[in-house]
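Copied from TrEMBL, the annotated features are:
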- 6-30: transmembrane segment (TRANSMEM)
- 97-122: transmembrane segment (TRANSMEM)
- 129-149: transmembrane segment (TRANSMEM)
- 187-207: transmembrane segment (TRANSMEM)
- 232-252: transmembrane segment (TRANSMEM)
- 264-286: transmembrane segment (TRANSMEM)
Amino acid sequence: MLGFAEGMFLVLSVTEFILGLLGNGFIGLVNGSSWFKNKRISLSDFIITNLALSRIVLLWILFTDGFLVVFSSKAHDSGIVMQILDIFWTFTNHLNIWLATCLAVLYCLKIASFSHSMFLWLKWRVSKVVVWMLLGALFLSCGNTMSLFNEFKIYSVFKGIDGTGNISEHFRKKRNEYYLTHVLGTLWNLPPLIVSLASYLLLLLSLGRHTRQMQQNGTSSRDPSTEAHKRAIKIILSFFFLFLFYFLAFLIASSSHFLPNTKAATMIGEIITMFYPAGHSFILILGNKNLKQTFVEMLRCESGHLKPGSKGRFSLW
């Protein structure tokens with residue numbers, strides 16, 4: 001018999017899981033069909049599509065993990081099951097974060113305008129910079145996942161000592177070593193957070209300067225360049241704050257073994273964690289003209305206000 005907490009956890013996790021699949025599935029379907037039809041895809045749409053696909057995988061991992069927490073906590077805490085979930089979670093999570101960071105850098109270099117030589121050098125080579133970032137993201141995700149095996153090794157020794165009930169100096173040493181390894185593993189998420197923050201600040205500075213120039217020239221503040229700035233800032237800012245929220249939840253969920261009520265901490269952490277890949281997909285849809293217009297046309301078609309097959313003009317910015 002499930003308790004109130006477990007029941008609420010299942011309702012919330014299923015809701016977030018379904019919404020996340022719908023939002024990210026819509027992104028993948030629209031961009032994928034456009035890619036198949038036109039035989040080409042822009043770099044931004046390529047990143048967004050892969051971001052949506054990685055989030056679908058991440059949602060499945062989180063949902064499976066939550067299902068095991070409620071219905072089979074022993075299997076969830078057993079060595080092999082926990083290790084398999086951690087490996088897939090770590091790789092997909094880190095890749096997901098870096099893909100969103102690459103998107104933030106792409107928006108920043110395409111839209112922001114500065115006269116600094118380093119920024120201009122990056123702006124002129126924006127495609128190569130982002131492609132190398134994508135390759136680096138894949139490499140770093142693999143490296144972060146490989147670092148788990150050392151943590152698993154220490155954890156197995158740590159649990160073996162704990163099972164004997166003998167609290168010795170060796171036990172304390174292994175416990176502190178495991179804590180340190182776990183904390184260092186979470187630091188892999190700091191570089192993309194810093195890069196995203198830098199992109200957001202650069203866009204804000206560029207928007208402020210651009211707005212002042214528009215006011216001095218008497219030009220409307222709703223020109224295409226200003227609107228592009230604002231759209232990119234909304235997407236990056238939403239990612240930044242959702243990622244901060246997600247990072248704290250990830251710490252709670254991944255550190256649940258260190259907390260007094262392990263099961264409750266895991267459930268709370270995973271509910272908050274699932275909100276990030278589910279919620280940010282709809283922000284991406286609303287912030288991208290192509291996706292937003294397709295979504296609106298789909299709703300109109302469903303309500304009978306638009307004939308199926310009608311097309312609009314799509315533009316990234």
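Placed from the backbone N, Cα and C atoms, the Cβ positions cover glycine too.
Contact between the transmembrane segment (232-252) and the transmembrane segment (97-122) holds: at least three of their C-beta pairs are under 8 Å, each pair 6 or more apart in sequence. When each of 129-149, 187-207, 264-286 is scored by its Cβ pairs under 8 Å to the transmembrane segment (97-122), the top-ranked stretch turns out to be 187-207. Residues 5-6, 9, 12-13, 16-17, 19-20, 23-24, 26-27, 48, 51-52, 55, 58-59, 62-63, 65-66, 69-70, 96, 100, 234-235, 238-239, 242-243, 245-246, 248-256, 292, 295 of the same chain lie 6 or more positions beyond the ends of the transmembrane segment (264-286) yet place their CB under 8 Å from a CB of it. Sequence-distant contacts of the transmembrane segment (129-149) (same chain, six or more residues past either end, CB-CB distance under 8 Å): 43, 47, 83, 86-87, 90-91, 94-95, 98-99, 101-102, 105-106, 109, 122, 184-185, 188, 191.
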